[in-house]
Amino acid sequence: MEATQFLAIQTETYKLGFIGAGKMAESIAKGAVQSGFLPPPRISTSIHSNPARRLAFDSLGVKVLPQNRNVVEESDVVIFSVKPQVVRDVVLELRPLLTKDKLLVSIAAGTKLKDLQEWAGHSRFIRVVPNTPSAVGEAASVMCLGGAATEEDGELVAKLFGSVGKIWRADEKLFDAIVGLSGSGPAYIYLAIEALADGGVAAGLPRELAMGLASQTVLGAASMASKTGKHPGQLKDDVASPGGTTIAGIHELEKGGFRGTLMNAVVAAAKRSRELSQS
């Protein structure tokens, strides 16, 4: 197996580099630092002209280097966190430096492992689909290992992304559906929170109170679903007493096709992800 030829990454001392210093890179770096998973001097990135981005990474104590090539040279694990439309050019430009002793990771949306591996010149690559709640340590991320990434490489990446939420492992063929659910899903829930708050205002609540109650209610319900192990249908039944207020509200949601609409949203986003990854 090609993977056995690669040097193991030393988990206690490895250095992490970000190619691309956007919000997602900042979230992952912040999670790694604040959880104590990696000390700031072992993390680097390169920022060319954006003072706000530089300030964000400087405030974490992360090294900001002049060029992307400096980041690669400095790092054992390199995360490509650039926009999908430029990831090809960036990887190809750095290819001479992307030696097989470096573990490569991509969080670029819609960019497949086979392309990433071809551009890099080797397959010690891991693809991760995170989502925006990584900014508050509550990401739902999914990863897939490239042809030469070892189990140890996978464990290292799982621990890194585990510092900003939860991470699962899945076959890459499922990634379009994952984008439709967890990648785009936060936006569906923001819409639901806004609508719940608007409903509260319509029922007579002050806006600030309505928004606070709506956000905390969604947070609490999600925690109940993830922590109790109960099926959401059971949790719903536990709240809905006969002839009560909750079942009256649920009846309205069912009349409006609430469940079917959410299902359609996931399927539509997954379809769009598939179209974009093929273009």
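Glycine is treated like the rest: Cβ placed from N, Cα and C.
TrEMBL labels come from automatic prediction, so no person has curated them.
So that you can see what the record holds, here are the features copied from TrEMBL:
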BINDING   Ile19, Gly20, Ala21, Gly22, Lys23, Met24, Ser46  NADP(+) binding site
BINDING   Asn68  NADPH binding site
DOMAIN    15-110  domain 'Pyrroline-5-carboxylate reductase catalytic N-terminal'
DOMAIN    172-276  domain 'Pyrroline-5-carboxylate reductase dimerisation'
In sequence order, which residues at least six apart in the same chain have a CB under 8 Å from the CB of Ile19 (NADP(+) binding site)?
Thr45, Ser46, Asn68, Val71, Val72, Val78, Ile79, Phe80, Ser81, Val82, Val90, Leu94
Compile a sequence-ordered list of residues in the same chain as Met24 (NADP(+) binding site), six or more apart from it, whose Cβ lies below 8 A from its Cβ; state 'none' when nothing qualifies.
Ser81, Ile107, Pro130, Thr132, Ser134
With DSSP, how much of the domain 'Pyrroline-5-carboxylate reductase dimerisation' (172-276) is helix, how much strand and how much coil, in residues?
90 helix, 0 strand, 15 coil
Give the mean pLDDT for the domain 'Pyrroline-5-carboxylate reductase catalytic N-terminal' (15-110) on the 0 to 100 scale.
93
State which of the following binding-site residues has the fewest other Cβ atoms within 10 Å around its Cβ: Gly20, Gly22.
Gly22
For the domain 'Pyrroline-5-carboxylate reductase catalytic N-terminal' (15-110), what are the DSSP-based totals of helix, strand and coil residues?
41 helix, 19 strand, 36 coil
